[in-house]
Amino acid sequence: MASGSEAEKSPEVVLEWPKKDKKRLLHAVYRVGDLDRTIKCYTECFGMKLLRKRDVPEEKYTNAFLGFGPEDTNFALELTYNYGVDKYDIGAGFGHFAIATEDVYKLAEKIKSSCCCKITREPGPVKGGSTVIAFAQDPDGYMFELIQRGPTPEPLCQVMLRVGDLDRSIKFYEKALGMKLLRKKDVPDYKYTIAMLGYADEDKTTVIELTYNYGVTEYTKGNAYAQVAIGTEDVYKSAEAVELVTKELGGKILRQPGPLPGLNTKIASFLDPDGWKVVLVDNADFLKELQ
C-alpha cells in the first residue's frame with residue numbers, strides 16, 4: 001500500500017497516527033425491507049429526524065439517514081433499501097443500537113401506543129444494577145436498548161456487536177482505530193463480559209459496545225447489518241495503521257484507501273478480527289458530501 005518514504009516508516013511511527021487522529025463515529029449502515037415504514041417508525045416512536053434521503057435507481061437502492069442531530073456533529077443510522085428485497089437475516093452477532101432518554105417509561109409507553117415497533121423487555125432496572133432500561137424491536141427485527149440518562153448531546157449512544165475474543169478486540173480497536181477503553185464489566189452470573197470503546201465519554205457520544213458471551217467464539221453475521229463508518233483526518237495513514245494491526249491481531253483490508261468513483265470521497269474499508277466491517281471516511285470529504 002505504501003511506497004517510497006512511507007514504506008520505510010517504522011511500526012511505531014505508523015501506530016502513532018491513530019493516537020493523534022481526530023476520528024469520529026459517523027454512522028451505522030444496515031438494510032431494511034420497507035424504507036418508508038422504518039422512517040415512520042423511527043421518527044414517530046423514537047423521535048429521530050430524517051436527515052437526508054437519496055435514491056440511486058441505476059444501482060437499484062435507496063438510502064435514508066436518520067438521527068437526533070445534524071450529521072456534521074452527530075451519529076446517524078443509514079438505512080438501505082434494495083429494490084424488491086423485503087426481508088433480511090440479522091444473524092446472531094449483531095446485538096443492538098441504543099437510545100438514551102430522560103424517561104424510559106414514557107418512551108416505552110409511546111412505543112406501545114403508537115408504533116410499529118414493539119417492547120420486548122419492559123422498563124426497569126438492569127439485572128444486577130440500578131440503570132433503568134427497556135428493549136424495543138423494530139419491524140425488521142433490529143433491537144434498540146432504551147437507556148435512562150440525563151440530557152445528552154448524543155441520544156443515539158451505542159452500537160453493540162458480539163465478539164469471540166474480547167481482549168483481542170479491545171486491543172484491535174485501541175491500536176488500529178485509536179479508541180479508548182471507557183469501561184469493561186464482567187457479569188459472571190449471566191456469563192458475559194462487555195467493553196465500551198469510543199472517542200469520548202459514554203454520556204456525550206456514540207460508543208461501540210463489544211460483548212463476549214462465555215465460550216462463544218463465532219457468530220453468524222446474516223445479511224442485514226452492514227458496517228460502521230468512522231471519520232478520519234487521513235484515510236491513507238489510518239488504513240496503514242489498520243493494515244499493520246491486522247497482521248498481529250487478525251482482520252482484513254477490503255478496500256485500499258482512495259477516492260470513490262463519482263463522489264471523490266476518500267475511503268478505505270476493512271474487517272476486524274471477528275469479521276465486522278468498518279469504513280474509514282475522510283472527514284473533509286464527508287463534510288463536502290453534506291453540503
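Cβ atoms here come from the backbone N, Cα and C positions, even for glycine.
Note that the structure is a prediction, hence the values are computed from the model and not measured.
Features reported for this protein in Swiss-Prot:
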DOMAIN    24-149  domain 'VOC 1'
BINDING   ARG31, ASN82, HIS96  substrate binding site
ACT_SITE  HIS96  active site
ACT_SITE  GLU145  active site, proton donor/acceptor
BINDING   GLU145, GLU209  Ni(2+) binding site
DOMAIN    155-283  domain 'VOC 2'
ACT_SITE  GLN158  active site
ACT_SITE  GLU209  active site
In chain order, residues whose C-beta lies under 8 angstroms from the C-beta of HIS96 (substrate binding site), counting only those at least six residues away in the same chain, are PHE135, TYR142, MET143, PHE144, GLU145, GLN158, MET160
Spacing of the two Cα atoms, ASN82 (substrate binding site) and GLU209 (Ni(2+) binding site), in whole angstrom, works out to 28
Sequence-ordered list of residues in the chain of GLU209 (Ni(2+) binding site) that lie 6 or more positions away and have a Cβ within less than 8 Å of its Cβ, or none, is GLY95, ALA98, GLN158, VAL159, MET160, LEU161, ILE194, ALA195, MET196
According to DSSP, GLN158 (active site) sits in strand
The average per-residue pLDDT within the domain 'VOC 1' (24-149) comes out at 96
Long-range Cβ list for ARG31 (substrate binding site), cut-off under 8 Å, min separation 6+ in sequence, same chain only, gives LEU79, THR80, TYR81, ASN82, VAL85, TYR88, ASN223, ALA224, TYR225, ALA226
